[in-house]
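**Student:** The feature Zn(2+) binding site is assigned by TrEMBL to B:Cys96, B:Cys99, B:Cys136, B:Cys139. Taken from TrEMBL, the feature Fe cation binding site covers B:His128.
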2 protein chains.
Amino acid sequence: MSETHLQDALDTLKTTGVRITPQRHAILEYLIQTMAHPTADEIYKALEGKFPNMSVATVYNNLRVFREVGLVKELTFGDASSRFDFVTNDHYHMICECCGKIVDFHYPGLDEIEHFASQVTGFDVHAHRLEIYGTCPSCKDVSAKVQ
Amino acid sequence: MSETHLQDALDTLKTTGVRITPQRHAILEYLIQTMAHPTADEIYKALEGKFPNMSVATVYNNLRVFREVGLVKELTFGDASSRFDFVTNDHYHMICECCGKIVDFHYPGLDEIEHFASQVTGFDVHAHRLEIYGTCPSCKDVSAKVQ
DNA sequence: ACACTAATTGTAACAATTATAAATTAATAA
DNA sequence: TTATTAATTTATAATTGTTACAATTAGTGT
């Protein structure tokens with residue numbers, strides 16, 4: 001099924017007139033296959049084996065292209081570097097403040113808040129972003145043992 | 001009433017054992033008084049007149065101190081630099097994707113989603129973050145005129 | 001007013017990201 | 001298939017936001 005995701009993504013590129021290069025193919029493949037939400041540098045390092053000559057700039061350029069086409073979402077948390085997430089269906093992120101782990105979860109029907117906010121502020125609403133911060137089970141265990 | 005905010009903030013510093021310096025006083029005052037959500041550099045530039053010798057490092061240091069004490073929230077959007085928001089009561093942000101304007105709005109009862117997410121992921125939940133993106137009224141006007 | 005310690009300053013370092021220009025390569029049509 | 005053209009990659013330099021550091025300065029409790 002990640003196969004079809006990749007195929008869909010490539011189709012999107014084709015219809016949008018974005019050339020499909022081996023580097024783009026590899027970046028997309030990696031983004032889809034990994035369960036993590038990698039930084040640009042992590043992607044760069046992960047593909048170093050396959051593409052010894054690839055430049056970091058290529059990773060950044062293509063992540064921007066993917067974002068513009070809507071294939072990829074850029075996540076900016078407090079820390080230094082952005083993380084990138086292949087867009088499938090809508091989901092939110094639960095983030096461990098201890099170890100940085102990110103877990104996806106689904107939650108339907110936050111559209112009402114978009115409505116509400118639109119009414120209150122007079123904005124046209126395009127999208128929203130929600131993250132929840134906490135402590136993951138394994139970090140809870142660790143801190144329990146320490147005490 | 002922004003007077004009491006400032007006084008409360010200073011009290012918080014005192015009880016937390018954080019020294020009250022003129023620079024800290026001025027940064028807090030500026031954060032409370034401005035309706036915007038300034039970057040560290042904007043704060044630095046705004047106080048340049050009063051403190052010609054103040055270092056950027058001082059601004060960053062103190063914003064970190066304020067964050068650790070809970071007086072200030074750091075907002076990281078897609079763009080390069082963090083923005084800082086004096087913490088009053090809980091509110092969310094509506095952000096114009098066209099001009100970057102940020103408008104605060106209140107919305108009660110998003111605790112249920114914290115509960116839900118906690119159940120689903122097994123995390124202990126500490127906080128959440130929500131932003132809504134759209135186009136502000138004045139940017140709507142401009143784009144209407146162009147067409 | 002004194003001493004103690006934290007805070008400020010100026011600067012250098014760092015790390016993420018972007019700009020640039022030259023070399024390469026994918027898509028297209030002949 | 002090949003030539004053409006414009007997009008893409010690459011390598012590197014530049015930029016920018018932020019932090020680290022060491023020396024100086026200044027709050028605070030006594």
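A Cβ is built for glycine as well, from the same backbone N, Cα and C atoms used for every other residue.
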**Student:** If one measures from the C-alpha of B:Cys96 (Zn(2+) binding site) to the C-alpha of B:His128 (Fe cation binding site), what distance in angstrom results, rounded to a whole number?
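**Tutor:** Distance (Cα to Cα, whole Å): 21 Å.
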**Student:** May I ask you to pick out the binding-site residues among B:Cys96, B:Cys99, B:His128, B:Cys136, B:Cys139 with a CB closer than 8 angstroms to chain A's CB atoms, ordered by sequence, or 'none' if no residue qualifies?
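**Tutor:** Listed binding-site residues passing the 8 Å Cβ cut to A: B:Cys96, B:His128, B:Cys136.
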**Student:** State the Cα to Cα distance, in Å, between B:Cys99 (Zn(2+) binding site) and B:His128 (Fe cation binding site), rounded to an integer.
**Tutor:** 25
**Student:** Can you give me the Cα-Cα distance between B:Cys136 (Zn(2+) binding site) and B:His128 (Fe cation binding site) in Å, rounded to a whole number?
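**Tutor:** Given the Cα positions, B:Cys136 (Zn(2+) binding site) is 24 Å from B:His128 (Fe cation binding site).
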**Student:** Enter the number of other CB atoms within 10 angstroms of the CB of B:Cys136 (Zn(2+) binding site).
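**Tutor:** There are 22 such Cβ atoms around B:Cys136 (Zn(2+) binding site).
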**Student:** Return the residue, from the listed binding-site residues B:Cys96, B:Cys99, B:Cys139, with the maximum count of other C-beta atoms within 10 angstroms of its C-beta.
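**Tutor:** Answer by Cβ density within 10 Å: B:Cys96.
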